[in-house]
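Pulled from TrEMBL, these are the features on record:
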| type | residues | note |
| --- | --- | --- |
| DOMAIN | B:15-241 | domain 'Cytochrome b/b6 N-terminal region profile' |
| DOMAIN | B:242-438 | domain 'Cytochrome b/b6 C-terminal region profile' |
| REGION | B:533-594 | region 'Disordered' |
| TRANSMEM | B:43-68 | transmembrane segment |
| TRANSMEM | B:111-132 | transmembrane segment |
| TRANSMEM | B:144-164 | transmembrane segment |
| TRANSMEM | B:210-234 | transmembrane segment |
| TRANSMEM | B:255-279 | transmembrane segment |
| TRANSMEM | B:335-356 | transmembrane segment |
| TRANSMEM | B:376-395 | transmembrane segment |
| TRANSMEM | B:415-432 | transmembrane segment |
Amino acid sequence: MSTHNHPTDVTVTGATDGVPAVFTDPGIPHHRDRQSDLHPAAEKRAERQVTLLFGLSVLGTIGFLVAYFTVPPGETVASMRLSNLLLGLGLFLAMFAIGIAAVHWAKSLMNAHEKAEDRHELRSSDTTRTAAVEMLREGTEDSSIGRRGVLKGAMVSALALAPLSVAVPLIGEVGEDWDVSKFKSTMWRKGTRLAIDPSGRPIRAADVTIGSVVHVIPENLSEAEHPLDEKAKAVVLLVRLDPRDLKEAEDRKGWSYEGIVAYSKICTHVGCPVSLYEQQTHHLLCPCHQSTFDVADGAKVVFGPANRPLPQLPIEVDDEGYLVAQSDFTEPIGPSYWERLR
Amino acid sequence: MTTTTSPAAKAAGGTADYLDQRTGLGAAVKGLSRKIFPDHWSFLLGEIALYSFIVILISGVFLTLFFVPSMAETDYEGPWAAMNGVEMSEAFASTLRLSFEVRGGLLMRQIHHWAALLFMASIVTHMMRVFFTGAFRKPRELNWLIGFTLMILGLAAGFSGYSLPDDVLSGNGLRITDGVVRSIPIIGSYLSYFIFGGEFPGQDLIPRLFIVHVLLVPAIILALVGLHLFLVFLQKHTQYPGGGRTNTNVVGFPLFPIYVAKAGGFFFIVFGVIALMAATMTINPVWNYGPYDPSPVGAGAQPDWYMLFLEGSLRLMPGQGTEWVIGGYTLSLNVLIPAVVVPGILFTALAAYPFIEQFVTGDKREHHVLDRPRNVPFRTATGVAILTAFFILVLAGSNDLIATQFDLSINDITWTFRVLFFVAPVLAFWITKRICLGLQRKDRELVLHGHETGRIVRFAHGEYIEVHRPLDDQERWLRVSQEPNRPLEIEPAEDSRGVRRKGYRKDVLRQRLSRIFFEDRVEPVTPAELAAAHSHGEHDALGSVHQTHGGANVPELDQAGTDGVPTVTAAGGGRRLAEPETPQQGPGADARNH
Amino acid sequence: MKALAARRHHRLAPLVLLLLALLVTGGLYAALAPSPATAASTPTADDVATGEKLFQASCATCHGLNAQGTQDAPSLIGVGAASVDFQVSTGRMPMQANGPQVIAKPPQFAEEETRQLAAYVASLGPGPAIPTDEMVDPSKGDPANGMALFRTNCAMCHNAVGAGGALSKGKYAPDLRETSPVAIYEAMQTGPQSMPVFNDATLTPEEKRDIIAYVDEQRAGSPGGAQLGALGPVSEGLWVWVLGMGLLIGCAVWIGAKSS
């Protein structure tokens, strides 16, 4: 730059004399030749490497085919794993080697001089724009739509209404009968026996010892028209606590049987099956979002994103000693929804 | 054109002639074949997404030939002992069959799923690249939106496919979806019926998801990918700053042959890596989860990684007092806020950012040279803050695994993340901004003083100096070519005749935002500063103390470098607001002199 | 060695190191893979007497001189031999430190001593006995039924293949893949700590054996390759980022770099 002034002479303003306002672009950096540009031997070597890599890919494909024909998945985990591994490695080699070969070719053998290309403004020129506007105007004029208001209205209405012929039946049918009040009831009725999920064995009160937990379905679940739909609402968790540990609301005193309580297994948050029962704390944890309910205290929420306690299923014992429901749940089970309390 | 004689060349020429006479293909080949693309590894991130999508299509076609999208019940008989005689849906049974009985079926299934995870991972990484380098600026805002839509569609494609095998894990995911949908006010229950064809789980869901997964979503993705690439071709690729790279050119290598080989080769590399993963690592072992049944659930119930943030958001929300009953209707804020509002805000911010930035800068020019992330600290910090929030949610979605792997209490982890979700993004913003400003200052220092060589020289009079090697033109240009971003200066509220101007309020808002964006900044070195530093630099090199020269603005870099930010207070007359081209005395130098 | 030193600054060195690290981890894992264990025989009066002495020496401080329980520990009258065998043979008892839950560790008593302790406690009151070899033989169980039962009763805490999972406040359900069939049976029967009890009415002995058969089958691993901890989508996501994106970005850097 400038001459080496004595430091004390320097000021910024002084230095601006003859100095440009902005830096100048040094331009595209000089091309530096690669080994393969300079030495024919290096070029030959690169060529050999690329050829070899393509050859490797061919070997991979052959390996894949050999594995396909000679290594069946079989019946054991080990044979399945071997089949998968060999096929996968063959495919890996077949593909990966082609890729490496092509890139290596481009990098080492193809012309490596950088080129510049001009950009042009994307915007159309003013004359083009004017011509386009003029064309649209002419077209509108030709169609004479501007002068025929009623026709325009008729066309718009026809186009707007026509999709209804697809949309109405679609919306009509897509939600089955649209009867969302089904959320409110399950298949539990007075006298329905509680049965073990998935075997369907009915449960005697005496079978449930303190500290046990039983995953429960209605005994007649398999008779339902759509068992999975019903199961999704009816699953219950049965727990027996020491009656001294159990805190019960006045109006629910009759809902349990000698410390056996039954709660809906469907989380009141977003509907996961809440089923991690910790025997010592009597806490019930949902593995999906960690809502924690206190089974000893009306399944109240003690942690996590759920807001409401799990609905309780009132139970009693029938003449043969089996546990049965007193009625359906007294509130909708599962997550909240807009018209839940309506 | 009579020099070629080989039969192959003749045939090729004949075909080309045939096609050109009927399509005018020649023009397209002439226009495209030697089109220039800039070379940089980060420009290949989007290609990973494209190629994993192609791998998804290939393996997906394979799978559809064996998969039965039906919820009809059947009894499984086959090589998988733990499932023998178990009642399950056709969908699940056919998934087991294509995994265990179709040769190569398991490999294809694992390729499909790994490729799907990779597809989303590369989309996110590509988006980060575009965001942090400012590649979304005019004229590419529309392509940003297309890319954003592609990401959302990727989520839809992934989620619908993940649920197809009808296993317990994905079934519980659907049940959560049902719970979230039901929480939507007024229409929630009906929307649930709309999706499931009645009550959950119903009989219709798998066939519906199937058509969404194999036709609807991929068709839209394919169309938008086409549009996305068309716009890249039309607008030409952006390039990083550097010598000879200007806003009116594009420097790089021609499409044919360099990128045909490099990009084409990269497709095979991507396919190869996916095949390697599918060969060696199990993914989504549905045979462990079993056919869907509404009663069971497994520990570690999580969705694929790209949906984890939603899961985390749901896990973090405290439930107490967040369900309101208004006039007998239930409003579940404990679900609505984490599952709808939080992702809504994150995604809207992401989609709208280019437009927000454009409003703030008032910049309507085309930008084809990328920003170095450090040169736009506010944007970079915003991006890192959004990513941090996303990352916290992802971790929160894995809180049970964190608890078991690191022997922690799940309740403590949840509480920690509840706090971090609010604190960490702010911290990340602040730290990133400081780092950016620091890097910019380092750039200035380099330009002004050159590289340290580690060579110490002793002068005759006993002083020691370290020899600094000045930057070469290319190195310097990289560090000085950016335009400084400064807070906007606006027209006064009243014109010369004292009439209140229209649009003044909007301008004030714009100015305020602009100050938030650009108040803290480090400006690039000007030639004048460099000239000063050179002469001053000799003096600096001699080890003397900095001197400030009578009222002139000498950049005191050492000071700025140690005591933090050269904060510019924009309040106070707005004297530093954008002034046209007075580099030596202008706002630039002033901005640093604090 | 010189060649190695020269190349350690090569730009591919981190990649090579990463691959090596992965290989070593995989190899170590394979080498340290689980091995099965065995069960016990019938007790005598001698056993009870020796067991009582052992109890007085090592357990009575917390459980009381007559195993009646104290403020610190529960009564052991009526817990049965199964409970003692489970707690002692898995090293959970005697307990060493207070924590969210009692953790398994190398057993403090020899097999013989464990049997004697169990015999003593069993003599105090009727309770579940240690299962016979036949009762826990995986080859006699039906893994398909076992899986159905496992899914409903166990997977929510122990994970779909028994890899373990989190409970509240730092407690956890342990990994079952290295637990002996006897211990699994005893745990179901006695419901240690947070675990609920699965008595013979709620899960019959045959059903318990089916569950053991299913858990045992998990030792064969996965047909798809490495199980990635069998932790589900989170670990899959981690691997796709670390390995998938890692490798591909590595390749991209190579493609974008100027060749020399």
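Cβ atoms here come from the backbone N, Cα and C positions, even for glycine.
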Spatial neighbours of the transmembrane segment (B:210-234) not adjacent in sequence (6+ beyond its ends, CB under 8 Å) are 32, 35, 50, 53, 57, 60, 64, 67, 69, 140, 142-143, 146-147, 149-150, 153-154, 156-157, 160-161, 164
Below 8 angstroms Cβ to Cβ, which residues of this chain, lying six or more residues outside the transmembrane segment (B:415-432), approach it?
312, 316, 318, 377, 380-382, 384-389, 392-393, 395-396, 399
Can at least 3 Cβ pairs under 8 A be found between the transmembrane segment (B:43-68) and the transmembrane segment (B:335-356), with each pair 6 or more apart in sequence?
no
What is the pLDDT of the domain 'Cytochrome b/b6 C-terminal region profile' (B:242-438) when averaged and given as a whole number?
95
